[in-house]
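One structure is given below, encoded as structure tokens.
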């Protein structure tokens, strides 16, 4: 049963990115802020339900939630725009590289050791970046796309780092409270930005529908990961989710959206996926 849930998590990880790509292609006037506001509020409901009403909010946790919210805004807005402006497969791969941020945090601030497998994974990650940036590439990089990738990369990495720091500080407690407060801040911020930039409500049904689905997928992933961490060894769980989402994203980008990478980029993509597995071990 737990491996069926694992497969479902991988599918939902890829589904979030596919929904964002599809929304950008389907909407005549995409509304990123309204879309991400709906996504945030929808994901928040999962944590409210999973808590069973047993919540205890404190000011100390709020500051972690605020830092997480700022990082999450950068992460999901950066990913949304990178998928809009560039390759779905490469955007998903680079976003997955963000796991290096909490890894480095553990090394420099928590005095954790990076074993031989981790060092190899880090070296392969760096190599894959050079190969993906092949000058003869079929997928062209643009400044807006690169900037969006950086926002997504650092935002997602900081989300994991802040979660790690919060769990250490509170001995594994207040998980739901952290996410509820953070997603409430995110949803409210994106809604305010939607009003400031005068996003109209044309095609609102498409935006609301896909935004809810995206939020449900996001909340479902987080909820099932909480369940699976107690059922499947981390050495299997995290590499499977990270690499599985990247591989499924590549298949989708290739066969549905007809993206084509150069041969060197394909090698870089394979090496990058391998590096993600090694860094998760």
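Backbone N, Cα and C define each Cβ position, glycine as well.
Small disclaimer: the values here were computed from a predicted structure and weren't measured.
Positions annotated as transmembrane segment by TrEMBL: 30-49 (among others). Counting only same-chain residues 6+ beyond the ends of the transmembrane segment (30-49), those with a CB under 8 A from a CB of the stretch are 20, 23-24, 55, 72, 76-77, 80-81, 84, 176, 179-180, 183-184, 186-191, 193-194, 197, 199-200, 203-204, 207-208, 210-212, 214-216, 218-220, 222-223.
Summarising the annotation, TrEMBL assigns transmembrane segment to 61-83 (among others). Same-chain neighbours of the transmembrane segment (61-83): 17, 20-21, 24, 32, 35-36, 39-40, 91, 94-95, 98, 144-145, 148-156, 158-159, 162-163, 165-166, 169-170, 174, 177-179, 181-183, 185-186, 189-190, counting only residues six or more beyond its ends whose CB sits under 8 Å from a CB of the stretch.
The transmembrane segment annotation in TrEMBL covers 89-107 (among others).
Under the heading transmembrane segment, TrEMBL lists 114-133 (among others).
Long-range Cβ contacts of the transmembrane segment (139-157) within its own chain (Cβ-Cβ under 8 Å, at least 6 residues beyond either end) map to 71-79, 81-82, 84-87, 90-91, 94-95, 97-102, 133, 259-262, 265. Taken from TrEMBL, the feature transmembrane segment covers 139-157 (among others).
The transmembrane segment annotation in TrEMBL covers 178-197 (among others).
Residues or ranges marked as transmembrane segment by TrEMBL: 209-228 (among others).
Remote same-chain partners of the transmembrane segment (235-257), defined as residues 6 or more beyond its termini with a Cβ less than 8 Å from a stretch Cβ, comprise 6, 9-11, 13-14, 17-18, 21, 87-89, 92-93, 96, 99, 225, 228-229, 269, 272-273, 276-277, 280-281. Per TrEMBL, transmembrane segment is recorded for 235-257 (among others).
Annotation source TrEMBL lists transmembrane segment at 263-280 (among others).
Using a cut-off of 8 Å between Cβ atoms, the transmembrane segment (114-133) and the transmembrane segment (178-197) share fewer than three residue pairs, counting only pairs 6 or more apart in sequence. Sequence-remote contacts of a segment are chain residues at least 6 beyond its ends whose Cβ falls under 8 Å from one of its Cβ atoms, and for the transmembrane segment (209-228) they are 2, 5-6, 8-9, 12-13, 15-16, 19-20, 22-23, 34-47, 50, 175, 179, 237, 241.
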